[in-house]
Amino acid sequence: MEENFTSSSPSTGLSSSITYITYLIFDILSILCSLFVLYYLLSDRALRRALNNHIIIVLLFLGITYELTAISWDLYYLRNGIPWIESPIFYLFSFFLDYGLYVTQIVLFAWATIERHILIFHNQWITTKKQRFYVHYLPIIIILIYCLIYFSLITFAPFCEDSFEPYITGGVFIPCVFMRTILGTLDLLIHQVIPTVIIVIFSVGLIVRVLWQKRKRNQLLQWRKHRKMTIQLLSISILYLTFNSPWTILIFASQYGLAEDIVAIPMVYAVYFRSYVLFLFPFVCCGSLSELRGKVKKVFYRRQRNQIGAIESLKIAPTTHK
């Protein structure tokens, strides 16, 4: 089949062929890795019941949904030069999933950085079922419901008339309610800037608190116990800050007066690399879960041992002569 790449990728301006190939490869690998991690987290009772893994499971499901929908539709546009479905309803639904899912996972992870302090330093707050519901489960439920209602309203409610020309031509679709409005500014602050600041503050705070507790002799056992949760959170925090912060900083700067010609080129790459938060998230989870790494090593070690055994059997097998 003849490939018909557009000259630029949706919302980036980068070479369409490069964006298509890299997104396609990382999308497939990320989905496979997400399914692999989810299988082990959900099939192992201890991992499934561990409170620190619950937010990871939710984020993995959100990531798979994003990659199967928003990224797949971007890939279709990159290859064919037109949206998958040419309909205003599809354009709105595409924005709802793209921006809605992306913001939801950022807000959820910002909460995860706060909750990790509770799980490590204040586990007396979650000793009973009632405490676990209000402190652990309820915030996750509230964030998911809030994001669903909020993005449904700003996307589908007829506050004003949207223009879909940017989306059709491969640009960034922005709802009319965000166009130079107070709501647009609040959305940027609440859903982009504040979660990023929270991730930075509570991740750095976790490092400081863990190092301080580790220095105390009577806290050595607790450090060993909670080291896995600390490493897991910090690994994911680095991923979010590396790929999401440039996008957030540039959007914030352009909103408050930075010249468009200064922002334009960096924004091209910031938008492109923003998706790598979701692409790389399952790999970081896989690497930060020591139990999962141990299982993977056992699988590969068992296969390697079986292959060596089969080779040795062939070497010592007697040969027959007529």
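Glycine too: its Cβ is placed from the backbone N, Cα and C atoms.
Where the annotation comes from TrEMBL, it is an automatic prediction and has not been curated.
As recorded in TrEMBL, the features of this protein are as follows:
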type	residues	note
DOMAIN	33-285	domain 'G-protein coupled receptors family 1 profile'
TRANSMEM	20-42	transmembrane segment
TRANSMEM	54-77	transmembrane segment
TRANSMEM	89-112	transmembrane segment
TRANSMEM	133-157	transmembrane segment
TRANSMEM	189-212	transmembrane segment
TRANSMEM	233-253	transmembrane segment
TRANSMEM	273-292	transmembrane segment
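Proximity of distant same-chain residues to the transmembrane segment (233-253), defined by a Cβ-Cβ separation under 8 Å and at least 6 residues beyond the stretch ends, is recorded for 106, 109, 112-113, 116, 188, 192-193, 196, 199-200, 203, 206-207, 263, 266-267, 269-271, 273-274, 276-277, 280-281, 284-285, 287-288. Remote same-chain partners of the transmembrane segment (89-112), defined as residues 6 or more beyond its termini with a Cβ less than 8 Å from a stretch Cβ, comprise 55, 58-59, 62-63, 65-66, 69-70, 73, 83, 139-140, 143-144, 147-148, 151-152, 155-156, 162, 164, 167-168, 173, 175, 191-192, 194-196, 198-199, 202, 233, 236, 240, 244, 274, 277-278. Remark: the transmembrane segment (273-292) makes no contact with the transmembrane segment (133-157), by the rule of 3 or more CB pairs under 8 A.
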